[in-house]
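Here is the structure we will look at.
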Amino acid sequence: MAQTPVKVTVTGAAGQIGYALLFRIASGQLLGADVPVKLSLLEIPQAVKAAEGTAMELDDCAFPLLSGIEITDDPNTAFDGASVALLVGAMPRKAGMERGDLLEANGGIFGPQGKAINDNAADDIRVLVVGNPANTNALIAQQHAPDVPAERFTAMTRLDHNRALSQLAAKLQVPVTEIKKMTIWGNHSATQYPDLFHAEVGGKIAAEQVDEAWLRDTFIPTVAKRGAAIIEARGASSAASAANAAIDHVYDWVNGTEWTSAAIPSDGSYGVPEGIISSFPVASRDGKWEIIQGLEIDAFSRERIDASVRELTEERDAVRQLGLI
Ligand code: NAD
Ligand code: LMR
């Protein structure tokens, strides 16, 4: 193997997304079929043994690209020299917990992890936050990593993007590959806005190929509440599809794409307050996300983008008040 292995750190590695994710990373799907990887699994002490079990299975796959596995409960060790960090482990919402409690609990995780990334990661570190509330957890981690360029902290809305592709493809009876320029705006939450006014199917605007009632009353809520529907059906939150979206996000970030959705720090584009980590239509060029500019936003879209962005600014204000950023 000529190339130096790239260190990829996965937090919450013993969880259900971790189990769906690690084997795909090790097989070369995250970075490319010719890029050797070294995996670092970060877990809480109680789950280290389970992570060791997953590592045994990774060994048993004899992946040609997997050059080593490290398992630790110490963030400084886990992120030491890492070029990709997938922050999956988070505190799930429990009965009786308010949103503020959830933000506070996650602040206790993502603040120290952001600092450990700041102090130990490689210069080219790229961070994807999957653990919910993903956008605000990414903001917390970023704010604890002043030496890392701010745009290296991103949150995942690619699962929402893929869900939107799949719902529209089913409605129009076309392959997903015929759909271009899909966009998710805002927060990875029920307020997100999947936008069909810029999406194209067969070269024509998607919104003009479906009736308005379906777009408003079926498409948008189905995509936005899909996470809850999966929990209801499966008795557990999405895992394989979330892992798949994480792979898509990082692969495109590193290898380039002309159009997808990712939550990245706002530069003020489209009236989204600078600094919050919000989903936009993005391209990836030379290993950097760029917000696609120049889209006309009509009143219908404006109202929905604003509502989701408002939720993000409220989350930012709440974590500020809690002293987490
Ligand atoms: P899970 O409960 O199966 O696994 C989470 C793992 O994280 C556990 O093994 C736990 O021990 C670990 N963990 C907790 N605190 C940690 C810490 N401080 N450091 C390292 N590890 C820690 O959960 P899951 O199903 O794998 O989901 C993980 C997160 O991803 C949840 O917050 C979930 O809501 C979120 N999620 C996000 C999306 C998205 O699209 N952004 C989609 C699906 C799930
Ligand atoms: C999802 O979108 O599947 C996850 O974020 C889980 C959830 O709580 O919706």
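One-based numbering along the chain as shown.
A Cβ is built for glycine as well, from the same backbone N, Cα and C atoms used for every other residue.
Residues or ranges marked as active site, proton acceptor by TrEMBL: His188. Under DSSP, His188 (active site, proton acceptor) is assigned to coil, being neither helix nor strand in the three-state scheme.
Under the three-state DSSP scheme, Ala14 (NAD(+) binding site) falls in the coil class. According to TrEMBL, the NAD(+) binding site annotation covers Gly12, Ala13, Ala14, Gly15, Gln16, Ile17, Gly18, Asn106, Gln113, Val130, Gly131, Asn132.
Residues annotated as substrate binding site in TrEMBL: Arg93, Arg99, Asn132, Arg163. With a cut-off of 8 Å between CB atoms and residues at least 6 apart in sequence, the same chain places Ala90, Pro92, Arg93, Asn106, His188 near Asn132 (substrate binding site), listed in sequence order.
In the predicted structure, the domain 'Lactate/malate dehydrogenase N-terminal' (6-148) carries a mean pLDDT of 96. Residues annotated as domain 'Lactate/malate dehydrogenase N-terminal' in TrEMBL: 6-148.
Look at TrEMBL and you will find 157-318 tagged as domain 'Lactate/malate dehydrogenase C-terminal'.
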Quiz item: To the nearest whole angstrom, what is the C-alpha distance linking Gly18 (NAD(+) binding site) and Arg163 (substrate binding site)?
Solution: 20
Practice problem: Out of Gly12, Gln16, Gln113, Gly131, point to the one nearest Arg99 (substrate binding site) in space (Cα versus Cα); all of them are binding-site residues in the record. | Solution: Gly131
Quiz prompt | Tertiary neighbours of Gln16 (NAD(+) binding site) (same chain, Cβ under 8 Å, six or more apart) | solution = Ala236, Ser237, Ala239
Quiz item: Cα distance, Arg163 (substrate binding site) to Gly12 (NAD(+) binding site), nearest Å?
Solution: 24
Self-check item: Collapsed DSSP category at Asn132 (substrate binding site)
Solution: coil
